[in-house]
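Just below is one structure, and these are the notes that go with it.
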Amino acid sequence: MQTHLPLQGGGLKEGVLSFALIQASHTHRRVTAGKNGPVVSVFDFPKDEKLVSKRKRNLKTAMTWRSPLALVRDALRGQRAREKELRNLVSNLPYEGLEKRKQPNRFFPSNAIKTTKYTPLFFIPMNLFEQFHRLANIYFVGLAILNFIPVVNAFQPEVALIPICVILFLTALKDAWEDFRRYQSDRKLNNTPCYIYSRKEKQFLERRWKDVRVGDFVRVVCNEIVPADLLLLHTADPKGVCHIETSNLDGETNLKQRRVVSGLCISIPDFEPESFNSIVVCEKPNNNLNHFKCYVEKPDKEKVGAGIESLLLRGCTVRNTDHAVGFVVYAGHETKSMLNNGGPRYKRSKLERKLNIDVFFCVILLFTMCFIGALGHFVWLLARPGVPPYLVPDTNGHLDSPSLASFYMFFTMIILLQILIPISLYVSIELVKIGQIFFITNDSDLYDEETDSRMQCKALNITEDLGQIEYIFSDKTGTLTENKMVFRRCSIMGAEYPHKENAIRLAVLDEPESEEEVIFDQSPRPRQMSWSLDAEDANPVGKPPRGSQRRSSVAVHTQTDVAFSSPLETEVIPDKRLLQQISRAESCSSRKTDPYLDFFLALAICNTVVVSMATAQRRRTSVSPRSSQISGSVDTLSNLVKKAGNLLSSCQLTSKRNRSLSEEAVIQCVKMEKTVDTNRHQTCSLHPPSQGARPSAASDDLCYEAESPDEAALVHAARAYGFTLLARSPDSVTVRLPSGEDLEFELLDTLTFDSNRKRMSVLVRHPITRELVLYTKGADYAIMELLGTPYAEHLRGGQKNIAADTQYHLDCYAKDGLRTLCISKKVVTDKVYESWLVDRKKALAAIDNREELLMNTAVQLETNLTLLGATGIEDRLQESVPDTIVALREAGIHVWVLTGDKPETAVNIGYACRLLEEEDLVINMSSKNKVTCTSILDCTLEEVRRHMADPRNVDTTPNISLVIDGETLTMALSPDLQNRFVDLAKRCRSVLCCRVTPLQKSSVVKVVREKLKVMTLAVGDGANDVNMIQAADVGIGISGQEGMQAVMASDFALSRFKHLKKLLLVHGHWCYTRLANMIIYFFYKNVAYVNLLFWYQFFCGFTGTTMIDYWLMIFFNLFFTSAPPIMFGIMDKDVSAEMLLGVPELYRTGQGKGEYNFLTFWISILDAFYQSLVCFFIPYLAYQDSDIDIFTFGTPLNTISLFTILLHLSIEIKSWTIVHWIIMLGSVALYFIVTLAYSAICVTCNPPSNPYWIFQSQMADPMFYLICIISTVVALLPRYTFHVLRNSVAPSPLIQAKHLDRMDPTTRDQWIQEWRSFRGGRPVRRSKLDTPSSSTLEAPDYYPEPLSVSDAMGDDLTLNAVTVNFQRPVQT
């Protein structure tokens, strides 16, 4: 009986009310949608339990079964939903417990991931499909199938399948193992526990990652990895802040701050997911880790914008936050981390492209030989007077006509001579590359002890390209330099403060340790250098150039979890004049609006630095908490620091040649700092003398985690002057003044840095004046053009030229190689702010063109700025960068540096790293319109051509360098000027591009690679270098301090630029020469062996008969001669690493066509033809007119061929090791053992012929040994003679280097110097450029002005061409 009851209430208003089966006793209700509302159908089932269970099962089946049409319709709907540009997501809680097809977010994938390529059921067909993407596999399988056709088969069909089956099986085994490891990783990840909110249980329950769905609420706790992309809605922090570490995604270990979506009042402090009834609208998933477009639409239709600052990405780790709750917006394969996980990229090397061409030539050669065989068979049949008795007719008793028989014979010959195409070559190349990568990654010289990182190889198939590089494109910051920013100088209100005492400290930090320190600390140290200090300019004598090659000893010993936190970067000794100025500013009545205080407040506030306590450990599982048992030593050191500070305040700098008392104090203090750092792994801050109340000791425990080294350097500089950044939250910033007073600024908005504006700003409300203040910092040209009324308008007439004075200081900083930033402020009225806030909120809530709208709002506010001052920050060169660049240039590699720095800064660094030399002809190109740029290119190109055409310069290397800015580069890369620019650039030894964008970097690489057809390499360390790295043939990522974006996009990863020298000059040379020689040898080996079968066809009527047993033919290439060439490709060394590093010119042998070219390939093929003729006809003439059988004739041929092929390889091997001897002798032993066993046990293996006991009989015949010796000697005599004559009469540079390698080290070094000078090379020498002095700009140094054409052609043109000291400071 069924009764229908109306359901009262508004159940359907809250959501779709579906099937609900409720059992009360034996009565079941079903809720359905009726015309007048929900209806409950009540079924009164009988009391029989079995019948009840049966009916329940039937009812459940009826409810879950769906028609195929409905499934297809849902699939199409899901595809459309996933492809929409915007997604509307709602909470899953109201639909908890309902079946999947009733879930609102059902179209989006679950959080379970699957990275495997195969399934157990379909592994074999899918793997075969993958392997048949290689044309070589299709070729050999096709021939094996062709051999099953009776009219064309050459030998037993089953035997023909063995080689290709072995290759396919080994490849499938490797793929299966790799896929099984992926399966294990997926299973472990999918079953990781997490917490998902349940409406039924009213709490977060422990589930698995694979159970997470879009629309769920997930709770993550401290040190837990985020399971999916979560929109942050709640944190344990009262201010809504969550700290995350993204090292799993981009390698950056510094903490990043995420905040909850503002404007959502969701159950604070206790978050209740059930109260969330808003709609989340977000963009379609993409792989951009730095951008996210989203807004939350409340029930009242109000839209609240959210961005990447509110998104917790899958794979990130929550740090220093008790717990956080987020709403799942992307799950599984749609998360940003999974979309970035593209797996290893496949690149085709230059050698592989050349190999494919030669394989095509081998195919032509094979068809030619088969055509000759078919034609010969046709002629032979026509020449027969009758029908030979051994020709078997078909079932009808008819024989094929000669023409048809010759047509069949063409395919028979293809099957017979198929190994002319080397079946095992591709597998051997893969094995060789794996071996090469193993030796490269385990090279101890490429290991960096400081970062505990070794060389990484991400592209497994382009190792040989490292030996053919002709152009290198390098970033500067973080690649050539350490990316450790050191605060050096600043200019405030037109007054320059040189910080001479800080320069002395840096000089002392660069001083090498004493012998005792070296004894107890066995890390390698550079050689010592004598130095002295001048009291006036503090310029160390003999100090390495700016960007010193010497690493700070303190930085070597100090290991921290925080990026940009080495003592070299954090410790700053204040300038005493500036300290006095700040003291006067604080004591005056208008101190709250003093420009000096505003300057340091801007340094402390205008950033995105995350503040944490040094005692708040990250609680990583792999890092133990640090010891804190050295407080006594730190207190002692603090006393010394205070004494040094007092001395700095009271003592005056005296004569230029005598060291002052203050310098002695600084040096003594810093040396003590070094000692404590070395022994205790602790650092201290050199704070300014106390100005009133000192900050409490709590500020000493602060830890700054910055996203860029520039921000960290400025914050530490502000702290050195007493402006300490204490805390930062989404709504406030707290700064402690030198007087000890804490100011909490209300943070209204942060206008983040972007590459278009080249600046960032923060808008705060001053806690005392209650004014809205906009602090802005950025590039000098980006700030100067926005200046309004400066402070100087309100000062005396002599101080009104603040902007001009600051610009002069900026130019001097740039010439000193310092990175420059301008600091400014602006007071914003409440009315302007309220109007601007409306536009800002619209931009934040926008989805389309959001970045553009946000940038427009930032530009709208950043106008009429007031200039406060400028800073100069030093970024030192990495160790051995000048030597590396000189070696690369001597190796014939053109080095380009692409940087975003100012031309003056870039040129200074160019001289310091020896990209530019003192004797170079430096061409400086700068123009503002295309007409002028065209004129410059034409005039310069003509002059360079004339210079190179001069008879006096014919045999000399032109030392021409080009410096070009970004604006001019854009015009030079236009289609109509592109060829002229490339023509000019290829004639230059080095090129320096300044003020370039990431897009320009990749464009330059593409243009040079495509126009000049050269091998290019790009090296960088940051996200802005990714496009350049991916555009080059070989991409190198430097694992520096700016994350791992460049490393993840690269083919190879290094920790230091200096490692590039050995990677290219040694490993690159070895990889290329080994692989090139192995490929040539492989072609030779196969042609030489196949031709034995071909020559025999002339004596058997071209019938496709073989004189060697089929099994032995297969074993010959599969086992007997396969290991030696692989060993040759992995371990051969033509020259030692010491010689390759000492004589970089040896690298030139691999450039251009290299050793593997058209000539060497065909010489090897001709040599194979000759050797096969000798190996065939000497035994043939020896056994002529004898009664030996076919296999008795073929066995000596097989043995002679083995000895000839292996001894040929012995001639090519350059360095013998125990491994070479074992493999070579093992191959010979394997041949004799297998052949003897096969001849002894194989009675009917190959009917009707029989190889039984043939080899044993041959070995008992002295004639066999005599034939083998004579044939092998005659076959190898031409090649051996050629090698002897070439090495004696006209030795190549590699042969000369090989001879030098055998000498003792002292004699070898002398010969290297003489030989290099004879060849025009120059020894690698250290740079003579000293660090520019830190003298004050009150008495500025004289900088020679370069030759300029601007006076003659207008202000929009600058073309400088100088030969000595181009824009370099004169050292006094």
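Note that Cβ sites are derived from N, Cα and C of the backbone, with glycine treated the same way.
Residues annotated as active site, 4-aspartylphosphate intermediate in TrEMBL: ASP475. As annotated by TrEMBL, Mg(2+) binding site applies to ASP475, THR477, ASP1021, ASP1025. Under the heading domain 'P-type ATPase N-terminal', TrEMBL lists 104-159. According to TrEMBL, the domain 'P-type ATPase C-terminal' annotation covers 1047-1291. Summarising the annotation, TrEMBL assigns transmembrane segment to 135-153, 159-177, 355-383, 403-427, 1096-1120, 1158-1182, 1188-1209, 1221-1243, 1263-1282.
Long-range neighbours of the transmembrane segment (135-153) within the same chain, counting only residues 6 or more positions beyond its ends whose Cβ lies under 8 Å from a Cβ of the stretch, are 160-161, 163-164, 167-168, 359, 400, 408-409, 411-412, 414-415, 418, 421, 423, 426. Summarised as a single figure, the pLDDT of the domain 'P-type ATPase C-terminal' (1047-1291) averages 91. Distant neighbours of the transmembrane segment (1188-1209): 1081, 1084-1085, 1088-1089, 1092, 1105-1109, 1112, 1116, 1120-1121, 1124-1125, 1128, 1171-1172, 1175-1176, 1178-1180, 1224, 1227-1228, 1231, 1235, 1249-1251, 1254-1255, 1257-1258, 1264, 1267-1268, 1271-1272, 1275-1276, 1279; these residues of the same chain sit at least 6 beyond its ends, with a Cβ under 8 Å from one of its Cβ atoms. Between the alpha carbons (Cα) of ASP1025 (Mg(2+) binding site) and ASP475 (active site, 4-aspartylphosphate intermediate) lies a span of roughly 7 Å. Look at the domain 'P-type ATPase N-terminal' (104-159): DSSP puts its residues at 24 helix, 0 strand, 32 coil.
Residues 136, 402-403, 405-407, 409-411, 413-414, 417-418, 420-421, 425, 1079, 1083, 1087, 1094, 1097-1098, 1101-1104, 1161, 1165 of the same chain lie 6+ residues outside the transmembrane segment (355-383) yet bring a C-beta within less than 8 angstroms of a C-beta in it. The number of other CB atoms found within 10 A of the CB of ASP1021 (Mg(2+) binding site), across every protein chain shown, is 31. Within the same chain, the residues at least 6 positions away from THR477 (Mg(2+) binding site) whose Cβ sits under 8 Å from its Cβ are ASN483, ARG819, ASP875, THR899, GLY900, ASP901, ASP1021, GLY1022, listed in sequence order.
Taking the Cβ of the residue listed as 'active site, 4-aspartylphosphate intermediate' as centre and 10 Å as the limit, one finds 28 other Cβ atoms among all the protein chains shown. Over all protein chains present, the Cβ of ASP1025 (Mg(2+) binding site) has 31 other Cβ atoms lying within 10 Å.
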